[in-house]
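Look at Swiss-Prot and you will find ARG36, GLY61, ASP82, ILE124 tagged as S-adenosyl-L-methionine binding site, backed by sequence analysis.
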Amino acid sequence: MSSIDKKELAKFEKISHNWWNKDGEFGLLHRINPIRLEYIIEKITAHYNRHLSKLEILDVGCGGGLIAMPLAAQGFNVTAIDALQSNIETASTYAKENNVKINYLQSTIEELESDKLYDVVICIEVIEHVGNVQQFILNLVKHIKPNGMAIISTINRTKKAYALGIIVAEYILGWVPKNTHDYTKFLKPSEIYEMLTDTDIEIKELKGLVYDPAKNEWKLSDDIDVNYFMCLGSKNAKSINVIPALAGMTS
């Protein structure tokens, strides 16, 4: 069974040529990308504490390569997959134009070579757009090496997330196109926790991403009511920051 949601794919296929237009439909992602990358690199460095160029990263649902490109430029060995061929074409063209080496593949997580494991699996702003979420997440964590890690981000299913993530972001401020998000697809951290119960993977850290209107900037926060990052790792490995993770299980 595939985790693809054809309606979601159709939405992104229409704008797949525009990933690198900072003033286009993906403008918000460009604005939050620096803080996203800062968090990702910080967590990978803390987890491995060794030279980054030797690490293999899988970027699932890579889109136009907004995360894959700068990670590869940092020295990571990046494989990036996306279900949309048009996304892969846009990403590959941009990487070639900028002389950045990335292994781009048009593939779903289910179609990916099953025995290929990675030091880090990344899935940023994707799971709120897939069909069978539990299947998707279980397939995702299967590709983590022993003692490896995963970093995912998504949107919490709260009234605050509906107000800010849909009403304000889509209909008032126009930060993203209308109908980009479906509130019913938002996920509480506790739901992901339950999905991982029968695996050897657990949540190691939760961290929120919030907008500060006074400073007109995005920043990391312990507020996970809307956007949040989640670090995953082996249940036998030391937690990165277990207190926020445990606190988040009530959300």
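Each residue's number is its place along the chain shown, starting with 1.
Including glycine, each Cβ sits where the backbone N, Cα and C put it.
For GLY61 (S-adenosyl-L-methionine binding site), the same-chain residues lying six or more positions away in sequence with a CB closer than 8 A to its CB are ILE81, ASP82, ALA83, CYS123, ILE124, GLU125, VAL126, HIS129, VAL130. The DSSP secondary structure for ASP82 (S-adenosyl-L-methionine binding site) is strand. Taking a C-beta cut-off of under 8 Å and a sequence gap of six or more, ARG36 (S-adenosyl-L-methionine binding site) has these contacts in its own chain: ILE67, ILE124, SER153, LEU209. Counted over every protein chain shown, other Cβ atoms within 10 Å are most numerous around ASP82 among the binding-site residues ASP82, ILE124. Whole-number maximum of the Cα to Cα distances across the S-adenosyl-L-methionine-binding residues ARG36, GLY61, ASP82, ILE124: 19 angstrom.
In the three-state DSSP scheme, ILE124 (S-adenosyl-L-methionine binding site) is classed as strand. Under DSSP, ARG36 (S-adenosyl-L-methionine binding site) is assigned to a helix (H, G or I) in the three-state scheme.
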